[in-house]
């Protein structure tokens with residue numbers, strides 16, 4: 001095994017000996033270079049494109065549908081859009097930076113999860129806290145998914161002419177949980193759900209186009225236009241557009257609700273190790289002749305001097321591809337977030353629902369299609385979230401009980417009780433926007449802003465070259481991110497609770 005400061009090629013011009021199909025033969029560097037060029041031409045684009053698509057799928061979830069209500073919590077004036085879009089863009093950039101930071105730290109540690117990364121770079125004794133935060137986030141995301149399933153299913157039932165219990169969100173939550181979600185969450189392998197999970201991106205893109213086209217500012221003939229809107233009479237009072245009645249401004253505490261929702265809308269950071277290793281596996285499929293000597297395909301050695309590893313990172317082929325995936329994925333998600341937030345708010349203003357699809361009429365065929373696709377997407381993604389939630393819970397349980405593994409029966413029991421709690425919670429809580437804002441403010445701020453900054457400070461604190469200007473600036477920025485994350489977590493979480501339970505205190 002090679003250390004990070006070494007290269008497996010002692011002389012780049014020498015002949016390399018390899019065994020191929022049982023026969024000893026010598027392969028020249030030019031032969032490898034030709035293969036590498038072909039690989040770079042084909043894999044270089046398709047690999048990053050495929051992984052970027054998967055990253056978009058991992059980040060863009062139901063959280064984006066709550067963003068219009070984040071603006072509506074502080075103002076129903078159209079002018080509020082400009083600072084909101086600026087905030088979403090800045091937070092998108094910061095989220096991309098911290099996601100890339102996780103990748104850099106995984107590169108030098110070869111960790112397979114955030115918990116393992118924390119053990120290697122921070123403190124093994126406190127690694128349980130990362131698992132606990134991941135568990136709570138996944139549990140909260142599952143709760144918002146259950147609420148969303150109940151909302152879209154009851155709306156579709158109304159569209160199809162259902163009445164009575166068939167239009168009850170409680171009925172659909174219990175029905176889908178019992179006969180769909182529970183069996184899917186207990187599948188021995190989730191590979192069969194891959195086609196359903198791919199529908200997630202299609203659902204988000206189609207919903208985005210639908211929301212833009214239905215906006216009266218884009219389409220004056222929209223059925224939701226103030227004058228001549230054909231579907232306006234089918235909406236209830238809480239669904240009707242409302243504009244220019246109040247404006248708290250961005251200095252008001254209610255603006256922190258949007259801040260928490262933004263953290264949730266960009267949160268895919270607990271998957272950063274998986275995406276790094278996905279890029280690495282594709283990069284290592286063919287021998288590399290990059291300037292770093294193919295070091296990307298070799299497990300990093302135990303820490304010799306972190307400054308040498310940092311230098312190796314700067315020329316890493318895997319990291320460059322990982323950065324491309326990060327930039328492409330977060331740029332696309334930022335555009336989607338801004339479009340849904342802006343045009344959803346411009347359509348319904350201060351009455352924008354916690355799930356913006358709830359504002360559209362049950363007689364709107366386009367909204368019905370979007371609801372159906374969203375339901376399929378949620379059902380396809382639910383077992384993956386439940387699997388992550390169950391895994392983190394069992395890790396914590398094993399740490400407490402001293403066990404190393406959990407039996408299959410224990411996993412099924414855990415799944416049953418979690419789904420039971422989620423069903424009860426989703427029946428008691430009807431506002432998915434509240435759940436998304438709360439978990440985004442508290443857990444999103446921790447995973448997106450605080451954890452990666454603490455890890456980077458701990459890692460670079462061991463470096464010989466901590467006086468390098470770039471490292472000093474980055475360490476200072478990380479300290480600011482920690483402070484920002486703490487304020488966003490406590491203030492944003494408190495405001496989300498007050499807004500939902502005691503709204504009169506925020507007036």
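Just so it is clear, glycine is given a Cβ too, placed from its N, Cα and C backbone atoms.
Not measured: the values here are computed from a predicted model.
Annotated features, as they stand in TrEMBL:
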{"type": "DOMAIN", "residues": "45-281", "note": "domain 'Amino acid transporter transmembrane'"}
{"type": "TRANSMEM", "residues": "55-75", "note": "transmembrane segment"}
{"type": "TRANSMEM", "residues": "81-106", "note": "transmembrane segment"}
{"type": "TRANSMEM", "residues": "127-150", "note": "transmembrane segment"}
{"type": "TRANSMEM", "residues": "170-193", "note": "transmembrane segment"}
{"type": "TRANSMEM", "residues": "200-219", "note": "transmembrane segment"}
{"type": "TRANSMEM", "residues": "254-272", "note": "transmembrane segment"}
{"type": "DOMAIN", "residues": "319-497", "note": "domain 'Amino acid transporter transmembrane'"}
{"type": "TRANSMEM", "residues": "325-346", "note": "transmembrane segment"}
{"type": "TRANSMEM", "residues": "366-389", "note": "transmembrane segment"}
{"type": "TRANSMEM", "residues": "410-429", "note": "transmembrane segment"}
{"type": "TRANSMEM", "residues": "435-459", "note": "transmembrane segment"}
{"type": "TRANSMEM", "residues": "480-499", "note": "transmembrane segment"}
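With a cut-off of 8 Å between Cβ atoms, the residues of this chain six or more beyond the transmembrane segment (81-106) that come close are 67, 70-71, 114, 117, 121, 250, 258-259, 262-263, 265-269, 272-273, 275-277, 313, 319, 322-323, 326-327, 329-331, 333-334, 337-338, 341-342, 345-346, 448-449, 452-453, 455-456, 459, 481. Scored by C-beta pairs under 8 angstroms, the transmembrane segment (170-193) has its highest count with 127-150, from the stretches 55-75, 127-150, 200-219. Per-stretch counts of Cβ pairs under 8 Å to the transmembrane segment (127-150) identify 55-75 as the leading one among 55-75, 200-219, 254-272.
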